[in-house]
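Step one of this worksheet: look at the structure below.
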Amino acid sequence: MFKGSIVAIVTPFKNGAVDEEKLRELVEFQIENGTDAIVPCGTTGESSTLDYEEHDRVIEIVVEQVKKRVPVIAGTGSNSTKEAIEMTSHAKTLGADGALLVTPYYNKPTQEGLFLHYKAVADAVALPQILYNVPGRTGVNLLPETVARLAEHKNIVAIKEATGSLQQASEIIDLCGDKIDVFSGDDFITFPMMACGAKGVISVTANIMPKEVAALVDAFFAGKMEEARQWHLKLLKISNAMFIESNPVPVKTAVALMGKCSAEVRLPLAPLAEANKVKLVAIMKEYGLI
């Protein structure tokens, strides 16, 4: 259903508010450079510090601007199942083509709790849903066996696997077969994950290098393995630089250095440390981005 290079797009701010004009420009930048789908209100979009009105508005703007040219997959996850259902339902009403739901964080549900949470959302909202497993941020790991149970649900179509573990990704692909699509949640591991059967990436790096991330994925699916491998190696340094501090601080700084929006992030996120900014600038210059 979804495939290729999918960007987890940043949410630009200006004087504390969502910068709607810059958000529209960022959407155009992505589509013009070959991005296959757009995820607003993910981790990279600072969903955790958007209020409900802003969250809905960001999704609405992206849907409006995209005009059905590529799928829009709205971030609608929550650690409250009731809230996740409401947000996913509203995303559908706004015209989103799918939803990305992070595992419930902080309250640390069991595997059965995770299963029941996702099943409840999928039962309640007839919209294609992507599970999102990122234990480094949530404190809970959605195990392959649980993913396999959820893959039986018609509305659960994919998983963004961001453990950084090829073993876990491979186990999901092996257990689920064609019942669910797997996407890399870490740019540095996209190529090897696709070699194991992943269908693409939900990317941070694509915020600044959409054409190149798309080239990696497109080369792989065109059977041009050596070209894809070379793109993987070429993008490795810049992809790692996106995590010199907590995402999305480095990538938003990078987008700002390219003149595309402000570097403003919301507390408790802080601006990129000056020493890390110096490193980031040097790496971006190597890539000809600034």
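In case you wondered, yes, glycine gets a Cβ from its N, Cα and C as well.
Fair warning: this is a prediction, and the values are worked out from it, not measured in the lab.
Copied over from Swiss-Prot:
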- T43: site 'Part of a proton relay during catalysis' (SITE)
- T44, I202: pyruvate binding site (BINDING)
- Y106: site 'Part of a proton relay during catalysis' (SITE)
- Y132: active site, proton donor/acceptor (ACT_SITE)
- K160: active site, schiff-base intermediate with substrate (ACT_SITE)
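Among the recorded positions T44, Y106, K160, the ones whose Cα sits within 10 Å of the Cα of Y132 (active site, proton donor/acceptor) are K160.
I202 (pyruvate binding site) falls within a strand segment according to DSSP. Counting other Cβ atoms within 10 Å of each Cβ, the lowest count among the recorded positions Y106, Y132 belongs to Y106. Taking Cβ-Cβ distances under 8 Å and a sequence separation of 6 or more, the neighbours of I202 (pyruvate binding site) in its chain are I6, V7, A8, V39, G42, L100, I130, K160, F183, S184, G185. The number of other Cβ atoms within 10 Å of the Cβ belonging to T44 (pyruvate binding site), over all protein chains shown, comes to 24. DSSP assigns T43 (site 'Part of a proton relay during catalysis') to coil, not to a helix or a strand. Every protein chain shown contributes to the tally, and the Cβ of T43 (site 'Part of a proton relay during catalysis') ends up with 25 other Cβ atoms within 10 Å. Between the CA atoms of T43 (site 'Part of a proton relay during catalysis') and Y106 (site 'Part of a proton relay during catalysis') there is a gap of 15 Å, rounded to the nearest whole number. The residue listed as 'active site, schiff-base intermediate with substrate' has a Cβ environment of 26 other Cβ atoms inside 10 Å. Reduced to three states, the DSSP call for the residue listed as 'active site, schiff-base intermediate with substrate' is strand.
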